[in-house]
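*Asks:* OK, TrEMBL features for this one:
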- 13-456: domain 'Major facilitator superfamily (MFS) profile' (DOMAIN)
- 12-36: transmembrane segment (TRANSMEM)
- 52-74: transmembrane segment (TRANSMEM)
- 86-105: transmembrane segment (TRANSMEM)
- 111-137: transmembrane segment (TRANSMEM)
- 149-171: transmembrane segment (TRANSMEM)
- 177-196: transmembrane segment (TRANSMEM)
- 253-274: transmembrane segment (TRANSMEM)
- 286-305: transmembrane segment (TRANSMEM)
- 317-339: transmembrane segment (TRANSMEM)
- 359-380: transmembrane segment (TRANSMEM)
- 401-423: transmembrane segment (TRANSMEM)
- 429-452: transmembrane segment (TRANSMEM)
């Protein structure tokens, strides 16, 4: 009866989780295509190229990455002990406030207030919702279904990405974009608190806590425990290193996660300023491009991946996704070149009057490759999930998210100066997409590592907390 009830709660919880993630990401993604115009108007009004705006974005990403590097493993670990729902509440609530500022005004003073608050809140919010959502799914979905369910979760994010940017495309003003974003963010928090049940891991947490308390009492009686033991619920550097050492595949997945995210963030920090400078993109064109990318993601994650995951293991899906991502980023980086211009003319001889449009057609074509590139995240998260025990899902997902955050620190320090340099008049040679080509190389490293990974049975797991207790048990009185 208990198992049946857990299954019912798990199924219901997964459905409510999907809608929570959809609403939260809908709110977040709808401002992506508008924020470049807001930033440029506040920092460099009337210009299509602005090094200061690029550097501000890079500094913000680096600070957010530094904060996330510390916070994500901690949040994941705390959720293993106190529940996913409780740890979801805080990042979802504080994510509301930056949008409220720009919903009120986009003047220069308000932009800088938004910039500071967004930086601070994103140190906690960036990646936290998806990290905890993956842990929640791992609690409620058996191993053999996780690849498809993680794919559906990514598909839900893609749906919010498309619908958010589609709404942005047709909203009358930039101010209305942030007003709607703030309202939907509030709705997502209220919905989550009312309808999302706590994860099924709650019983495991209670059992482990009781076991640890019993062990602690025994050890205290024997005088074999020190005063620092009660604080082991906080994830330490030693715990993260232990996760990496205990499984070769987990270590390989960590390398793939780092380099793929480094390249993805390199593209993210460069592409919009590159498209703005080279092709004069505005809010509407950014939204159109993101919609194409999102639709490709929906088709892939909601239809292709659940089907392919029954035929192909997640290691092969990961390699396919990374190969497609390399091609996608490469094509974006060379979209400005003369031979791409010739190719576009041959592909569509009717486009002759507006030269930049010929180049842009290649950008739109490249975005369709996202139909395969989006395999990366769900495949990687599935591999990580299978390398962790049932009471370490938050810890494992938090560790990978922390590595992504480390990439978030390094990426803007490398790619923002490159982007600003090669889009300026002082570039050492003419190659506006040079920083994007460098991002291609980092994803290529992740691809090479992914093809070295081999499928195999999940290891037998021993929770870190239990390992530490056994270490104490092995000490002679």
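Each residue, glycine too, has its Cβ placed from N, Cα and C.
TrEMBL annotations: computationally assigned, not manually curated.
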*Asks:* Looking only at the recorded stretches 253-274, 401-423, 429-452, which one has the largest tally of CB-CB distances under 8 Å to the transmembrane segment (317-339)?
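*Replies:* Stretch with maximum Cβ contacts: 429-452.
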*Asks:* Along the domain 'Major facilitator superfamily (MFS) profile' (13-456), what average pLDDT does this model show?
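*Replies:* Mean pLDDT for the domain 'Major facilitator superfamily (MFS) profile' (13-456): 80.
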*Asks:* Examine the transmembrane segment (359-380) against the transmembrane segment (149-171) and state whether at least 3 Cβ pairs sit under 8 A, considering only residue pairs 6 or more apart.
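*Replies:* Touching, yes - the transmembrane segment (359-380) and the transmembrane segment (149-171) meet the threshold of 3 or more Cβ pairs under 8 Å.
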*Asks:* In the same chain, which residue numbers or ranges, 6 or more beyond the ends of the transmembrane segment (86-105), come under 8 angstroms Cβ to Cβ?
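*Replies:* Those are 20, 24, 27-28, 31, 38, 75, 78-79, 111, 113-114, 117-118, 121-122, 124-125, 128-129, 132, 175, 178-179, 181-182, 185-186, 188-189, 192-193, 196, in sequence order.
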*Asks:* Go through the chain and flag residues at least 6 beyond the ends of the transmembrane segment (52-74) whose CB is under 8 A from any CB in it; none is fine as an answer.
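*Replies:* Beyond its ends, the transmembrane segment (52-74) has Cβ neighbours at 39-40, 43-44, 115, 118-120, 122-124, 126-128, 131, 234-235, 240, 265, 269, 273, 395, 398-399, 401-402, 404-413, 415-417, 419-420, 423.
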*Asks:* Under an 8 Å Cβ to Cβ limit, what residues of the same chain, 6 or more beyond the ends of the transmembrane segment (253-274), are close to it?
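*Replies:* Answer is 36, 49-50, 53-54, 57-58, 61, 244, 281, 286, 318, 322, 325, 329, 332, 376, 380, 383-384, 387, 399-400, 403-404, 406-408, 410-412, 414-416, 418-419, 423, 432-433, 435-436, 438-443, 445-446, 449-450, 453.
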*Asks:* Take the transmembrane segment (286-305) and find every residue of the same chain, 6 or more past its ends, with a Cβ under 8 Å from one of its Cβ atoms.
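*Replies:* For the transmembrane segment (286-305), the list is 29, 32-34, 36, 147-148, 151-152, 154-155, 157-159, 161-162, 165-166, 168-169, 272, 275, 317, 363-364, 367-372, 374-375, 378.
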*Asks:* Under 8 angstroms, Cβ to Cβ: which one of 12-36, 149-171, 177-196, 401-423, 429-452 has the largest number of such pairs with the transmembrane segment (111-137)?
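*Replies:* Ranking 12-36, 149-171, 177-196, 401-423, 429-452 by Cβ pairs under 8 Å to the transmembrane segment (111-137) puts 12-36 first.
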*Asks:* What parts of the chain pack near the transmembrane segment (429-452), using Cβ distances under 8 Å and only residues at least 6 beyond its ends?
*Replies:* 252, 255-260, 262-264, 266-267, 270-271, 274, 277-278, 315, 318-319, 322-323, 325-326, 329-330, 332-336, 414-415, 418-419, 422-423
*Asks:* Which residues of the chain, 6 or more past the ends of the transmembrane segment (177-196), have a CB below 8 A from one of its CBs?
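*Replies:* Beyond its ends, the transmembrane segment (177-196) has Cβ neighbours at 13, 16-17, 19-20, 23-24, 26-28, 30-31, 34, 85, 88-89, 92-93, 95-96, 99-100, 102-103, 167-168, 171.
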